[in-house]
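Under the heading disulfide bond, Swiss-Prot lists Cys28-Cys114, Cys31-Cys103, Cys61-Cys72, Cys148-Cys151. For 1-22, the entry in Swiss-Prot reads signal peptide.
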Amino acid sequence: MNTSQIVVMLCFIVGVAQTALAIKEDDCEVCVKTVKRFADTLDDTTKKDYKLIETAFKKFCKTQKNKEHRFCYYLGGLEESATGILNEMSKPLSWSMPAEKVCEKLKKKDAQICDLRYEKQIDLNNVDLKKLKVRDLKKILNDWDESCDGCLEKTDFIKRIEELKPKYSRNEL
């Protein structure tokens with residue numbers, strides 16, 4: 001093999017490696033979805049200035065819960081955040097970089113950002129509540145921002161969920 005063939009092969013291998021390393025939405029789902037949702041809230045003026053993006057992100061973070069709230073904490077979007085790598089998100093967003101690429105950059109700075117995962121949703125129409133653990137029943141109520149005062153046993157939680165089910169379950173046709 002001559003030198004030019006080796007160079008071509010090397011370039012090909014590097015290109016394949018870069019494609020394989022590219023982050024996918026499933027690899028970093030909370031980051032990608034949160035960045036996309038946040039970017040969709042920005043107006044054209046804000047999108048061009050990374051300082052305005054940072055201010056808007058801090059305001060956005062005040063309304064977030066659960067995994068998104070943790071994501072904001074990792075980035076430095078909350079007052080109680082220990083570290084701040086907010087500019088690693090705001091500057092690329094101001095350049096109109098896609099969410100997947102932004103999250104790829106963030107992952108290089110802090111790997112735990114991509115460790116955040118959404119929990120699997122329980123399909124209430126097809127699940128037997130009696131087979132779930134009390135912890136899962138409590139989680140269902142917590143996700144609905146409901147409480148079960150006086151619930152001590154599993155049957156109490158099931159009864160409360162059955163009462164609230166029509167209010168929260170979506171019937172798909």
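Every residue, even glycine, has its Cβ placed from backbone N, Cα and C.
What Swiss-Prot annotates, mapped onto the structure for a quick look.
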residue: Cys28; record: disulfide bond; DSSP class: coil
residue: Cys61; record: disulfide bond; DSSP class: helix
residue: Cys72; record: disulfide bond; DSSP class: helix
residue: Cys103; record: disulfide bond; DSSP class: helix
residue: Cys114; record: disulfide bond; DSSP class: helix
residue: Cys148; record: disulfide bond; DSSP class: coil
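Its Cβ taken as reference, Cys28 (disulfide bond) is surrounded by 25 other Cβ atoms within 10 Å in the chains shown. Of the candidate disulfide-bonded residues, Cys61, Cys72, Cys103, Cys148, Cys151, the one lying closest to Cys28 (disulfide bond) when CA atoms are compared is Cys103.
In space, Cys61 is the closest of the disulfide-bonded residues Cys31, Cys61, Cys103, Cys114 to Cys148 (disulfide bond), judged by Cα positions.
Applying an 8 A CB threshold to same-chain residues 6+ apart, the list for Cys72 (disulfide bond) reads Phe57, Phe60, Cys61, Gln64, Leu78, Ser81. Counting other Cβ atoms within 10 Å of each Cβ, the disulfide-bonded residues Cys61, Cys103, Cys114 show the lowest value at Cys114.
A distance of 8 Å separates the Cα atom of Cys103 (disulfide bond) from that of Cys114 (disulfide bond). In this structure the C-alpha atoms belonging to Cys114 (disulfide bond) and Cys151 (disulfide bond) are separated by 36 Å.
Packing around Cys31 (disulfide bond) is summarised by its Cβ count: 28 other Cβ atoms lie within 10 angstroms of its Cβ, all protein chains included.
Taking Cβ-Cβ distances under 8 Å and a sequence gap of 6 or more within the same chain, the neighbours of Cys151 (disulfide bond) are Phe157, Arg160.
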